Amino acid sequence: MNQKAHSVDPSFAAGAQDSSLYNDDLAPTGPAQRTWKWYHFAALWVGMVMNIASYMLAAGLTEEGMSPWQAVVTVLLGNLIVLVPMLLIGHAGAKHGIPYAVLVRSSFGTQGAKLPAMLRAIVACGWYGIQTWLGGSAIYTLLNILTGNALHGAALPFLDISIGQLACFLVFWALQIYFIVHGTDSIRWLESWSAPIKVVMCIALVWWATSKAGGLGSMLSAPSQFVAGGKKEGLFWATFWPGLTAMVGFWATLALNIPDFTRFARSQRDQVIGQTIGLPAPMALLSVISVVVTSATVVIYGKAIWDPIDLTSRMTGIGVGVALIILTLDTMCCNLAANLVGPAYDFSSLWPKGISYRAGGMITATIAIVMMPWKILATTQGYIFTWLVGYSALLGPVAGILMVDYFLIRGTRLSHRELFDENGEYSYTGGWNIAAVVALVIGVLPNLPGFLHTAFPAAFPNVPAFFNTLYTYAWFVGLALASVVYGVWMKARKSPSARVASA
């Protein structure tokens with residue numbers, strides 16, 4: 001685990017640059033680029049974790065009937081689970097210096113890799129839009145406070161948001177363009193210095209809430225709705241499993257494209273320690289802060305306020321402006337790292353000679369607008385059980401295929417040159433590895449009926465209960481099925497040769 005991140009395959013330079021699969025952004029990183037230490041990864045995760053969407057996760061679970069502490073434990077458990085593929089898939093980035101879009105070529109083929117790249121990219125576009133909407137909402141709230149609600153207005157037809165909301169959404173969208181243009185180093189810089197500010201803000205928020213309320217409030221000791229006599233008596237497990245799957249799904253996109261960051265690691269030790277410190281504990285801590293502050297709002301305002309933007313808008317004095325500015329910064333930090341870097345590389349991999357990292361970032365930002373993210377956030381049911389669980393059904397199988405291919409089939413050995421060769425080892429049949437495609441389909445299909453019933457209950461009312469139950473475990477089911485199918489299929493073939501630079 002203490003091994004240094006490997007340098008580029010010596011044979012890679014010879015001819016690889018002429019390949020249609022190559023551009024400088026996708027090429028393996030060299031020693032001079034491997035500068036990320038463990039605290040850079042920890043800061044990266046703190047920067048991504050401390051955001052409005054993460055703060056509201058525990059809220060969504062309590063709205064579905066959990067007690068505050070059941071919600072916190074569910075969030076922690078989900079993040080401990082997703083940390084495992086995060087570290088395993090991150091190993092490939094640290095060892096070989098390649099992004100996710102190149103790594104998937106070893107399992108899906110040099111052309112087939114575009115399929116999982118697009119699946120992950122579209123999900124990330126949705127997330128980029130969601131976080132941009134939340135950042136725009138913070139700006140909208142701040143401007144309304146400063147102007148006496150001058151931005152309030154009727155909702156526009158079809159869009160279902162006002163002109164003021166749309167304008168603030170687009171302003172926040174435009175602010176992020178600077179970091180798209182200046183690349184991943186600018187994002188690392190932003191995350192490194194903003195992480196401590198976020199921690200201080202969280203501590204200040206808890207202090208303010210408990211001081212104002214004269215204590216922690218009664219909500220923390222409130223029982224769940226699953227107890228005897230509760231509104232959802234006996235239904236804990238029916239809520240827990242899809243809730244846990246949603247918590248895993250929350251970072252399932254990063255579990256795939258984490259090589260986009262670990263390719264800059266100095267060593268495996270740096271990426272492992274940094275991610276282990278930076279993800280599970282901060283997510284759990286933020287959930288605790290969320291339930292503590294929300295419990296205090298019951299005393300202060302007479303009702304539970306889970307939305308930090310709504311809460312901030314009720315404060316008075318200069319603090320409200322400072323808080324909303326920090327919330328805006330907070331959302332931008334998370335969005336750029338979690339939802340821009342990955343799809344930018346993914347889109348670049350579709351046409352390496354024509355789409356650079358920056359162009360891929362602009363494509364991501366544009367698609368995010370078209371997806372109208374405010375509609376995804378319209379209801380808790382739609383956000384957690386349709387969006388989070390739904391896309392986890394797509395990404396779980398890809399994660400399983402990647403881990404089986406990289407560790408069990410290839411023993412962590414990859415040929416850098418072959419990854420950029422249209423007719424090389426990873427070209428399979430016409431650039432497609434049928435084993436990976438079939439495994440992906442088999443991993444996704446069992447979850448499809450449950451997804452359709454959850455997303456469109458009026459159109460699909462009579463889905464058998466078995467499929468609805470299966471859907472609650474979507475990420476786990478997809479990962480397990482795809483892993484087994486891919487592993488058995490590839491083992492039945494002659495093991496691929498390990499023509500590699502770095503063992």
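Glycine is treated like the rest: Cβ placed from N, Cα and C.
Lifted from TrEMBL, the feature list:
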TRANSMEM  38-57  transmembrane segment
TRANSMEM  69-89  transmembrane segment
TRANSMEM  121-143  transmembrane segment
TRANSMEM  163-181  transmembrane segment
TRANSMEM  193-210  transmembrane segment
TRANSMEM  235-258  transmembrane segment
TRANSMEM  279-306  transmembrane segment
TRANSMEM  318-338  transmembrane segment
TRANSMEM  359-378  transmembrane segment
TRANSMEM  384-409  transmembrane segment
TRANSMEM  430-450  transmembrane segment
TRANSMEM  470-489  transmembrane segment
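Under 8 Å from some Cβ of the transmembrane segment (235-258) lie the Cβ atoms of residues 48, 54, 57, 60-61, 64-66, 70, 74-75, 77-79, 81-82, 85-86, 89-90, 93, 99-100, 116, 120, 123-124, 127, 224, 226, 275, 279, 338-339, 341-342, 345-346, 384-385, 388-389, 391-392, 395-396, 398-399, 402, 471-476, all in the same chain and six or more residues away from its ends. With respect to Cβ pairs under 8 Å, the transmembrane segment (38-57) is most closely packed against 318-338, considering the stretches 121-143, 318-338, 359-378, 384-409, 430-450. When Cβ distances are compared across the two stretches, the transmembrane segment (163-181) makes contact with the transmembrane segment (121-143), since 3 or more pairs at least 6 residues apart fall below 8 angstroms. Long-range Cβ contacts of the transmembrane segment (69-89) within its own chain (Cβ-Cβ under 8 Å, at least 6 residues beyond either end) map to 57-59, 61-62, 100, 103, 220, 224, 236, 240, 243-248, 250-252, 254-256, 258-259, 271-272, 275-276, 279-280, 283-284, 287-288, 291, 399, 402-403, 406-407, 479. Only residues 6 or more beyond the boundaries of the transmembrane segment (318-338), in the same chain, are considered here, and those with a CB under 8 A from a CB of the stretch are 44, 47-54, 124, 127-128, 131-132, 134-135, 138-139, 141-142, 145-146, 172, 175-176, 179, 187, 190-191, 194-195, 197-198, 201, 205, 208, 253-254, 261, 308-309, 312. Packing against the transmembrane segment (359-378) from elsewhere in the chain are residues 121-122, 124-126, 128-130, 132-133, 159-161, 165, 169-170, 173, 176-177, 180, 339-340, 343-348, 387: each is 6 or more residues past its ends and has a CB under 8 Å from a CB in it. Residues 42-43, 46-47, 50, 216, 285-286, 289, 292-293, 296-297, 300, 308, 319, 323, 326, 329-330, 333 of the same chain lie 6 or more positions beyond the ends of the transmembrane segment (193-210) yet place their CB under 8 Å from a CB of it. Same-chain neighbours of the transmembrane segment (430-450): 107-112, 115-116, 393-394, 396-398, 400-401, 405, 422, 460, 463-464, 467-472, 474, 477-479, 481-483, 485-486, 489-490, 493, counting only residues six or more beyond its ends whose CB sits under 8 Å from a CB of the stretch.
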